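K.L.:
Below, the features straight out of Swiss-Prot:
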TOPO_DOM  1-15  topological domain 'Cytoplasmic'
TOPO_DOM  37-41  topological domain 'Periplasmic'
TOPO_DOM  63-76  topological domain 'Cytoplasmic'
TOPO_DOM  122-133  topological domain 'Cytoplasmic'
TOPO_DOM  178-187  topological domain 'Cytoplasmic'
TOPO_DOM  233-241  topological domain 'Cytoplasmic'
TRANSMEM  16-36  transmembrane segment
TRANSMEM  42-62  transmembrane segment
TRANSMEM  77-97  transmembrane segment
TRANSMEM  101-121  transmembrane segment
TRANSMEM  134-154  transmembrane segment
TRANSMEM  157-177  transmembrane segment
TRANSMEM  188-208  transmembrane segment
TRANSMEM  212-232  transmembrane segment
Amino acid sequence: MKFFNYRRVPYAEIRAFSVHILTASGSFLAFLGVVAAAEHRFVDMFWWLGLALLVDGIDGPIARKVQVKEVLPNWSGDTLDNVIDYVTYVLLPAFALYQSGMIGEPWSFVAAGAIVVSSAIYYADMGMKTDEYFFSGFPVVWNMVVFTLFVIQASEVTASIVVFLSVILTFLPINFLHPVRVKRLRPLNLGIFLVWSVLGMYALLLHFETPPWVVVGVVATGLYLYVIGFILQIFPKLGRA
């Protein structure tokens, strides 16, 4: 009597499932980030987070290339991706904010709680994307927001305003940029995002002992990425061919 029905697994299925494993590896990188943040090694935490985001950036194109959805229809890459995104974009940055005590007590705790709850609700919104691939409402990219606050060594007041304003904007019909998928001003948007990323990595290499010109650059590029979606929403003809 056979309890298991063994079959030869096609190479296409092995290849497709390996992409899911790649995506899931982001959870382990996030765990390493949690360990680092718990020990107040925030520079190390952001390096682990950066690696997780690199995985997040490459797994989608690879999945489409090898047709994961068609080969493994019973495994939801979208669900897996959302789980990893919530951990890396929301939970880990919120924990870092709390551990750092950036906003003081008890407000760092309150802010972290507001971040994780509002973001969980946002992930359930089926209409979070517009027809032009803007995000409707603040798209819970708390990894970028909290990282920027660390880079500029924000004061309690500044950090509080940024965090609680972003929580409120999560639920308002204001457009936010997806730097890759939005076509309007795409070359400029990608260029600004690249500059922000390079400056951020430089700040990490300096262990957040950030010179003024880097702070100015991070703030300027970060503000652009934060508000350009709303500007394009107000001026619907701007950036159209």
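Every residue, even glycine, has its Cβ placed from backbone N, Cα and C.
Quick one: where do these features end up spatially?
P.N.:
The list of residues near the topological domain 'Periplasmic' (37-41) in space but at least 6 beyond its ends in sequence, with Cβ under 8 angstroms from a Cβ of it, reads 92, 95-96, 99-100.
Residue counts for the topological domain 'Cytoplasmic' (63-76) under DSSP (helix as H, G, I; strand as E, B; rest coil) come to 7 helix, 0 strand, 7 coil.
Sequence-distant contacts of the topological domain 'Cytoplasmic' (122-133) (same chain, at least 6 residues past either end, Cβ-Cβ under 8 Å): 82, 85-86, 139-140, 170-171, 175, 178, 181-184.
Residue counts for the topological domain 'Cytoplasmic' (178-187) by DSSP state, with H, G and I taken as helix and E and B as strand, are 2 helix, 0 strand, 8 coil.
When DSSP labels each residue, the topological domain 'Cytoplasmic' (233-241) comes out as 2 helix, 0 strand, 7 coil, counted as helix, strand and coil in that order.
For the transmembrane segment (16-36), the list of distant contacts is 42, 44-46, 48-49, 51-52, 55-56, 58-59, 62-63, 66-68, 71-72, 75, 77, 80-81, 83-84, 87-88, 91-92, 95: same-chain residues at least six beyond its ends, Cβ to Cβ under 8 Å.
Nonlocal intrachain contacts for the transmembrane segment (42-62), taken as residues 6+ away from its ends with a CB within less than 8 angstroms of a stretch CB, comprise 19, 22-23, 25-26, 29-30, 32-34, 36, 81, 84-85, 88, 92-93, 96, 99-100, 143, 147, 150, 201, 204, 207-208.
Residues 19-20, 23-24, 26-27, 29-30, 33-34, 37-38, 42, 45, 49, 52-53, 56, 59-60, 63, 68-69, 103, 108, 111-112, 115-116, 119-120, 123, 140-143, 145-147, 149-150, 159, 163 of the same chain lie 6 or more positions beyond the ends of the transmembrane segment (77-97) yet place their CB under 8 Å from a CB of it.
Panel annotation: around the transmembrane segment (101-121), residues 86, 89-91, 93-95, 140, 142, 149-150, 154, 156, 159-160, 163-164, 167, 170-171 of the same chain, lying at least six beyond its termini, place a Cβ under 8 Å from a Cβ of the stretch.
Residues of the same chain lying 6 or more positions beyond the ends of the transmembrane segment (134-154) and with a Cβ under 8 Å from any Cβ of it are 42, 46, 49, 53, 88-90, 92-94, 96-97, 100, 102, 115, 118-119, 122-123, 125, 127-128, 162-163, 166-167, 169-178, 182, 199-200, 203, 208, 210, 214-215, 218-219, 222, 225, 229, 232-233.
Here the transmembrane segment (157-177) has Cβ contacts under 8 Å with residues 97, 102-103, 107, 111, 114-115, 118-119, 121-122, 130, 134-140, 142, 145, 149, 189, 225-226, 228-230, 232-233 of the same chain, all six or more residues outside its ends.
Nonlocal intrachain contacts for the transmembrane segment (188-208), taken as residues 6+ away from its ends with a CB within less than 8 angstroms of a stretch CB, comprise 42-43, 46-47, 50, 147-148, 150-151, 153, 177, 179-180, 182, 214, 217-218, 221-222, 224-225, 228.
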K.L.:
Mind checking which residues of the chain, 6+ beyond the ends of the topological domain 'Cytoplasmic' (233-241), have their Cβ under 8 Å from one of its Cβ atoms?
P.N.:
134, 174-175, 184-185
